[in-house]
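Now, the feature entries from Swiss-Prot:
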- 26-41: disulfide bond (DISULFID)
- 33-46: disulfide bond (DISULFID)
- 40-61: disulfide bond (DISULFID)
- 1-24: signal peptide (SIGNAL)
């Protein structure tokens, strides 16, 4: 049981080192985001960039148009 808890903690520490933005509370410009989570920082919105083929797979935080 203790080894399972240790493993979960180790995975969490590795993830927080690799993906600091996901633990900062909000996502910065051009960070990957999920539209329904509203996780981009103030002034940014989660949009799917259009790469010409009309199918941008990754959603990113971009500046909101005024």
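One-based numbering along the chain as shown.
Cβ coordinates are placed from backbone N, Cα and C, and glycine is handled just like the others.
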Legend entry - Cα-Cα distance linking residue 61 (disulfide bond) and residue 46 (disulfide bond), given in Å to the nearest integer: 4
Legend entry - Distance, residue 61 (disulfide bond) to residue 41 (disulfide bond) (CA atoms, angstrom): 8
Inset, instruction - Please name the residue among the disulfide-bonded residues 41, 61 whose C-beta has the most neighbouring C-beta atoms within 10 angstroms. - result: 61
Legend entry - Which same-chain residues, if any, lie at least 6 apart from residue 26 (disulfide bond) yet have Cβ under 8 Å of it: 39, 40, 41, 42
Inset, instruction - Between residue 61 (disulfide bond) and residue 33 (disulfide bond), find the distance joining the two CA atoms and give it rounded to the nearest Å. - result: 6
Inset, instruction - Count the Cβ atoms, other than its own, that fall within 10 Å of the Cβ of residue 46 (disulfide bond), considering every protein chain shown. - result: 19
Legend entry - Neighbour tally for residue 40 (disulfide bond), based on other Cβ positions within 10 Å of its Cβ: 24
Legend entry - Cβ contacts of residue 33 (disulfide bond) (under 8 Å, same chain, 6 or more positions away): 27, 39, 40, 46, 59, 60, 61
Inset, instruction - Give the three-state DSSP assignment (helix, strand or coil) for residue 41 (disulfide bond). - result: coil
